[in-house]
């Protein structure tokens, strides 16, 4: 009797497995069968009916691909190569000192105020600051546009952020921003958190950001733990002021490119790519004679603050960690250098150990976003996510009309989300980042908010190759914000050259130079490719259909000649 029950149970399990496989195959085949209309039948040369031209609701397969993954654990940021990079940068600077002549298209329309011509000796960032595009006032903020209200009873527990093992400890070190004390008394990481709003992670004139960057490189490290769930080793560092940051150690020298046989999902995560992504995205401080202002490059402000730091592996990692798994991986190499490798899916072994000189190692430190218990974030699957498979292709790679399905699927069917995706596409293409599988938004703001640009470590891997597949969303959708388009045109002009702006901005980091000179030159080349793609879209669909006017009514003084 017992054997009979066991056999019946096995048969039942087998039947369930077969049914599940059948359903999975049908779900995969349905969209392909639906796309076969009358025009694809053999022997039918008649045009499809007018009703067929109307946009159709995407199939279940597409909806499943585009759904959000709110239940997934949210991601957070957030030597010898320097000498070689310095020598290469000096050689490149000497050869490219003579700027090419020629006038670019004007970005200022008739009757609009024109910026004064920059002096030849003026720094590129200072010249950029004088342009009207970078003087636009931010939108006014209502109470619902702030992530936190300062006069609230929310208690910020700095030690609980992203650390479950600290949740049950006594919370005697909480900060209560009730407005009763001056905001100047708050730590800089808290000023950063309470400054987040619906439109940006931080405002242009937020002085706490520069102070926070200083904290990342100077604050005493009091605790270190491995970040769980990652494919490559990342460390969570806690500072004396209870701020936290994600540390990515140096794995490649600056002049090394990603090996040509590497798949994008097995590429290294580079610390200098995180730093450069922040500078590309953010505002950098500039001091003029009469006032202290800030200058923007892409003006997105969607990457959390990141700074480079030289860390003592013995004193600032091994001696302060309470993570026994991490501590056990430390060893002394045959060259008498301190090394460790931690635990992760890729490159965590003695063959891929991280070694100091003798115990100093470079890395990037990305400030944490607010604790998930205080500010929940939604994790969304990127519609143009790659297959992450050695042989299979994603649907967008084989369907040229894929964007039409995306634009009919919430949240891309309304609001500005599709334009945010286009901004992110341009951002990733300039860096050469193929690893944008998910993105996040703050749940409080719903769908009317910006995309947070997290995890940029796989950018700046190849300066000799431009990965055109990253631009597929822009080529398929042919949509872009006017503000983004005008800034890209401006950064293509010789006096506001993107590579020069980035080079000047990155010099402020403590471990500069950050990027190898060919990477900076590759950004100029890729910028021209982006502008050519937008120009082709305008020629095909018309300016008004491609370029979305996101300037305030009556305030659009910055136009382009059509």
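Glycine is treated like the rest: Cβ placed from N, Cα and C.
Just so you know, TrEMBL annotations never went through curation; they're auto-generated.
According to TrEMBL:
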type	residues	note
ACT_SITE	435	active site
BINDING	232, 248, 269, 366, 367, 368, 369, 440, 455	ATP binding site
BINDING	269, 455	Mn(2+) binding site
COMPBIAS	98-111	compositional bias 'Low complexity'
DOMAIN	330-547	domain 'FAM20 C-terminal'
REGION	37-57	region 'Disordered'
REGION	73-120	region 'Disordered'
TRANSMEM	12-30	transmembrane segment
Mind giving me a neighbour count for residue 367 (ATP binding site)? Other Cβ atoms within 10 Å of its Cβ, every protein chain shown.
26
Roughly how many Å lie between the Cα atoms of residue 269 (ATP binding site) and residue 435 (active site), rounded to a whole value?
10
Of 435, 455, which of the recorded positions has the most Cβ neighbours inside 10 Å?
455
For residue 367 (ATP binding site) and residue 435 (active site), what Cα-Cα distance in Å is obtained after rounding to a whole number?
21
Let's check the environment of residue 269 (ATP binding site): how many other CB atoms sit within 10 Å of its CB?
25
Among all the protein chains here, how many other CB atoms are within 10 A of the CB of residue 369 (ATP binding site)?
27
Who sits close to residue 232 (ATP binding site): which same-chain residues at least 6 apart have their Cβ under 8 Å from its Cβ?
251, 268, 269, 344, 345, 346, 347, 348
Integer Å distance between the CA atoms belonging to residue 369 (ATP binding site) and the residue listed as 'active site':
21
Measuring Cα to Cα across 232, 248, 269, 366, 367, 368, 369, 440, 455, which the record gives as the ATP binders, how far apart are the two most distant ones in Å?
20
